[in-house]
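Let me begin by presenting the structure, written as structure tokens, before commenting on it.
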């Protein structure tokens with residue numbers, strides 16, 4: 001019998017590595033195949049392969065990314081695959097390893113790939129997409145460098161030399177990315193989900209379909225590949241605006257909460273002028289919150305038309321705020337400005353020596369003029385009336401209607417955990433904060449924390465339903481859940497979606513319903529358990545805790561009931 005050894009590396013995604021290792025063990029057991037296995041990754045503690053196991057091996061299987069110690073295996077026949085391949089079909093991966101197959105296409109040379117990943121919140125999907133691209137490139141034998149544009153800015157920023165030497169630029173982002181650095185390079189743009197689900201397929205498609213980006217794209221808009229532009233659409237532009245809007249919401253919301261903590265309910269009244277509470281309120285309410293709608297509109301326009309769209313978008317957003325059209329008016333202004341500037345950029349042709357006037361004079365001026373006039377005379381008043389009706393309806397919600405809205409918002413948070421449905425619920429709730437509507441945001445955050453917390457609890461209440469590695473991964477899921485990172489439940493859902501996802505949706509829907517029923521209000525769009533100690537950030541605290549406990553318990557119990565016993 002062929003002796004097989006395997007190394008599984010998950011890089012930042014240690015949980016994925018553990019799940020992949022367990023899938024390989026089961027696949028090998030089903031065919032009575034001897035398999036010695038080593039797991040490497042953050043948060044994992046595996047037993048290294050012994051020298052005897054390596055000497056006695058006929059083939060080696062390298063799974064995932066990171067330092068897999070490949071030099072140990074000398075001339076052994078080897079197969080290199082991604083973690084996603086194992087989670088999809090571990091039996092086929094074992095067969096390929098035993099046959100000595102190589103996943104790299106015959107005759108394909110090594111390609112140099114530079115990539116950028118980004119998502120609206122800049123936390124989970126940004127780094128999961130980077131991991132997917134790195135693992136896939138390693139499995140295919142390509143060189144790759146990934147820049148992550150996360151919540152604290154760019155990490156591992158690409159250098160000019162790396163960009164110049166690259167064969168393609170791969171952008172996996174749910175937000176707009178400045179492409180000014182990539183003039184003259186072949187560029188392919190897609191979503192983070194594509195990188196997470198099928199990194200190897202994405203790289204193959206990018207190498208085939210990437211299109212040359214024209215010079216001067218940074219100033220007058222990039223020559224976007226048509227396929228990528230179609231995939232992006234309005235959703236991606238909206239998510240870009242939300243991504244840039246969130247810091248204003250967070251800073252303003254927390255400062256207003258602190259103003260009430262220091263100065264009481266009347267902290268921002270004229271009688272308290274000069275006090276610390278009044279100053280905090282001025283900063284939060286009249287500065288940070290005043291910029292929420294302009295930032296939303298400006299960066300929606302930026303996503304569509306790049307830098308020339310920012311000024312028309314922000315000015316349109318300020319008009320929306322002044323006309324009491326709120327975030328709905330800001331969204332309208334952003335799209336009007338973005339598509340107007342994009343159209344003008346394509347339509348206006350100037351002599352080459354005057355092209356420099358377009359991005360700094362002609363496009364901002366004409367874009368602002370068109371956007372401003374449309375906002376004042378056409379869009380502003382009806383959108384303001386619509387927002388007033390929506391605000392009155394949400395503020396007047398009680399009993400059954402509030403419960404139903406909580407059920408819907410909560411369920412949306414768990415259906416695809418970071419996908420379009422989840423982001424739609426999150427973005428709309430975060431935008432409502434600027435209109436003084438705080439209850440949907442509380443329902444969304446508490447419901448988003450429930451899936452990983454419920455899974456973590458289930459691994460303790462029903463240990464027989466999980467493998468030893470899954471039980472260890474439950475601890476990491478608990479930490480992610482406490483920080484409102486719903487994606488911590490994804491590895492468990494991916495391993496058994498038909499049983500786990502319904503349980504997650506039920507628990508999140510219950511958490512959202514309880515939150516709305518108790519009227520829990522959240523003034524900031526993120527933070528998880530860490531906002532509880534901040535005075536007035538979330539009220540009432542007991543209602544929030546009750547919603548979280550109910551949702552977590554329902555998730556844990558349903559997971560325990562629905563899942564089969566671990567083999």
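Cβ atoms here come from the backbone N, Cα and C positions, even for glycine.
Summarising the annotation, TrEMBL assigns domain 'PTS EIIB type-2' to 113-208. Per DSSP, the secondary structure of the domain 'PTS EIIB type-2' (113-208) breaks down as 42 helix, 28 strand, 26 coil.
Annotation comment: TrEMBL describes 234-567 as domain 'PTS EIIC type-2'.
Within the chain carrying the transmembrane segment (244-262), a Cβ under 8 angstroms from the stretch's Cβ atoms is held by residues 120-121, 268, 275-278, 280-281, 283-285, 287-289, 291-292, 295-296, 298-299, 302, 430-431, 433-434, 523-527, 534-537, all 6 or more beyond its ends. What TrEMBL lists as transmembrane segment is 244-262 (among others).
The list of residues near the transmembrane segment (283-305) in space but at least 6 beyond its ends in sequence, with Cβ under 8 angstroms from a Cβ of it, reads 175-176, 221, 236-238, 240-245, 248-249, 251-256, 258-259, 268, 311-318, 320-321, 326-327, 329-331, 333-335, 337-339, 341-342, 345, 363, 367, 431, 433-434. According to TrEMBL, the feature transmembrane segment maps to 283-305 (among others).
TrEMBL lists 325-344 (among others) with the feature transmembrane segment.
What TrEMBL records for 365-394 (among others) is transmembrane segment.
Here TrEMBL flags 400-418 (among others) as transmembrane segment.
The list of residues near the transmembrane segment (430-453) in space but at least 6 beyond its ends in sequence, with Cβ under 8 angstroms from a Cβ of it, reads 242, 245-246, 249, 253, 289, 292-293, 296, 326-327, 330-331, 387, 391, 394-395, 397, 402, 405-406, 409-411, 413-414, 417, 422, 477-478, 480-482, 484-489, 493, 504, 507-509, 511-513, 515-516, 519-529, 538, 544, 547-548, 551-552, 555. Residues or ranges marked as transmembrane segment by TrEMBL: 430-453 (among others).
Residues or ranges marked as transmembrane segment in TrEMBL: 473-493 (among others).
Tertiary proximity for the transmembrane segment (500-521) is limited to same-chain residues at least six positions away from its ends with a CB under 8 Å from its CB atoms, namely 397, 399, 402-411, 413-415, 417, 438-444, 446-451, 454-455, 489, 492-493, 538-540, 543-544, 546-548, 550-556, 558-559, 562-563. Residues annotated as transmembrane segment in TrEMBL: 500-521 (among others).
According to TrEMBL, the feature transmembrane segment maps to 541-562 (among others).
Residues 13-16, 18-19, 43, 123-125, 128, 413-414, 417-418, 422, 445, 448-460, 466, 500-501, 504, 526-530 of the same chain, all 6+ positions outside the transmembrane segment (473-493), place their C-beta atoms under 8 angstroms from a C-beta of that stretch. Among residues of the same chain six or more beyond the transmembrane segment (400-418), those with a C-beta under 8 A of the stretch's C-beta atoms are 119, 124-125, 424-426, 429, 439-440, 443-444, 446-448, 450-451, 486-487, 489-490, 493, 501, 504-505, 507-517, 519, 551.
Under 8 Å from some Cβ of the transmembrane segment (325-344) lie the Cβ atoms of residues 221, 234, 237-238, 241, 292-294, 296-305, 308-309, 312-313, 315-317, 319, 362-363, 366-368, 370-371, 374-375, 379-380, 383-384, 386-387, 390-391, 431-432, 434-435, all in the same chain and six or more residues away from its ends. Here the transmembrane segment (365-394) has long-range neighbours at 301, 305, 308-309, 311-313, 315-316, 319-320, 323-329, 332-333, 336-337, 340-341, 344, 432, 435-437, 439-440, meaning same-chain residues at least 6 beyond its ends whose C-beta is under 8 angstroms from one of its own.
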